[in-house]
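K.L.:
Copied straight from TrEMBL:
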- 19, 70, 101, 162, 270, 271, 272: GTP binding site (BINDING)
- 26, 30, 33: [4Fe-4S] cluster 1 binding site (BINDING)
- 32, 74, 125, 196: S-adenosyl-L-methionine binding site (BINDING)
- 265, 268, 282: [4Fe-4S] cluster 2 binding site (BINDING)
- 10-235: domain 'Radical SAM core' (DOMAIN)
Ligand code: SAM
């Protein structure tokens, strides 16, 4: 086995959690993510092949000490080779934890094959339970597909099934209690994510975003209690929901990811790979390092691994959203990998 030299930065953080975007395409058009007509999708030849993705994940696990791999996008279920990519990652040693973030469309069919290939867990994005709102928010009439996808994920054992929700003022910010009730009833774990300046349309506004404090205030009828289990490097702060247990019989929890008002950059352990093989050290990074070129120029594993280490060593202390000089990254969330 190769010697592991980890992805360390000058602030003492070590990246062990890899987010791999498998495509920038999506079958929804969430209003806060991309315009109705979609975006100029990445040309196929620029996208990493399944073998290239597999090779980079192997280098990350075997040579850089990555322990968790999360597949995302765009919509990762649209990637034809997904099951094979998961199977290859699951065969690595040490075997990484394998997760997927998805909008849930198509999960009904794919949950079983993905589980069988070695996927451990899923996060399904769901911002509303109201079909009319769902259509307005995503510009597609697919709420039932998402709900069936959630059920299939639970049935396939991709547990705990987590739900990611973004609340937006005047659109779905009244739905936090109902979404929590739904999650508790079905044994899913709900996590609210503060909206971040990552939309393709550059319409994010700090003054109208729904904050973690507001989300928690709207859940006050549940009498949430602080969760004494350490959060570690997880982005979500969690609270216990008294009187409820999850599918495993543990106390039920709800999470809030306060990326804007409660940043957790000091504990960040993430490294990101875009679908065209660029390493990003942060969602908000303005620079990327091109690993695809190294792969296609025939670089050996050791050279690719070293380029990845160099890329991560310059990670900034924080995402800088509060900095007056903050500039939104050129790529939107869907092209970085959320
Ligand atoms: N298509 C997959 C999905 O829907 O989960 C994966 C990619 S999507 C970009 C990942 C997550 O990012 C979704 O939960 C989505 O709601 C969230 N998201 C998109 N834009 C966001 C923003 N500006 N701020 C916070 N979360 C955002």
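Glycine is no exception: its Cβ is also placed from the backbone N, Cα and C atoms.
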K.L.:
Name them in sequence order: residues not among 26, 30, 33 whose Cβ is within 8 Å of the mean position of the Cβ atoms defining the [4Fe-4S] cluster 1 site.
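P.N.:
Here the nearby residues are 28, 29, 32, 34, 103, 138, 333, 334.
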K.L.:
So which of the binding-site residues 125, 196, 272 sit close to ligand 1, that is, with a CB under 6 Å from an atom of it?
P.N.:
125, 196
K.L.:
Compare the C-alpha of residue 30 ([4Fe-4S] cluster 1 binding site) with the C-alpha of each of the binding-site residues 19, 74, 270, and give the closest one.
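P.N.:
If we rank 19, 74, 270 by Cα distance to residue 30 ([4Fe-4S] cluster 1 binding site), first place goes to 74.
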K.L.:
Restricting the comparison to the binding-site residues 70, 125, 196, 271, which residue's C-alpha is spatially nearest the C-alpha of residue 26 ([4Fe-4S] cluster 1 binding site)?
P.N.:
125
K.L.:
Express in Å, rounded to the nearest integer, the largest CA to CA distance found among the GTP-binding residues 19, 70, 101, 162, 270, 271, 272 named in the record.
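P.N.:
Of all Cα pairs among the recorded GTP binders, the widest measures 21 Å.
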K.L.:
For a quick check of understanding: among the binding-site residues 101, 271, which residue's Cβ has the most other Cβ atoms within 10 Å?
P.N.:
271
K.L.:
Quick check: which same-chain residues outside 265, 268, 282 lie with their CB within 8 A of the centre of the [4Fe-4S] cluster 2 site CB atoms?
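P.N.:
Leaving out the recorded residues gives 13, 263, 264, 270, 281, 283, 284, 315, 316, 318, 319.
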K.L.:
According to DSSP, does residue 282 ([4Fe-4S] cluster 2 binding site) fall in a helix, a strand, or coil?
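P.N.:
Coil, per DSSP.
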K.L.:
Within 10 Å of residue 272 (GTP binding site) (Cα-Cα), which of the binding-site residues 32, 33, 196, 265, 282?
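P.N.:
Within 10 Å of residue 272 (GTP binding site): 282.
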K.L.:
Specify the secondary structure state of residue 70 (GTP binding site) as given by DSSP, simplified to three classes.
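P.N.:
SS state of residue 70 (GTP binding site) = strand.
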K.L.:
Are there residues of the same chain, six or more positions away from residue 162 (GTP binding site), whose CB falls under 8 angstroms from its CB, and which are they?
P.N.:
121, 122, 123, 124, 188, 189, 190, 191
K.L.:
Provide the three-state secondary structure of residue 30 ([4Fe-4S] cluster 1 binding site) computed with DSSP.
P.N.:
coil
K.L.:
Between residue 101 (GTP binding site) and residue 125 (S-adenosyl-L-methionine binding site), what is the CA-CA distance rounded to a whole number of Å?
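P.N.:
Per the Cα atoms, residue 101 (GTP binding site) and residue 125 (S-adenosyl-L-methionine binding site) stand 8 Å apart.
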K.L.:
Averaged over the domain 'Radical SAM core' (10-235), what pLDDT does the prediction give?
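P.N.:
So the average pLDDT across the domain 'Radical SAM core' (10-235) works out to 96.
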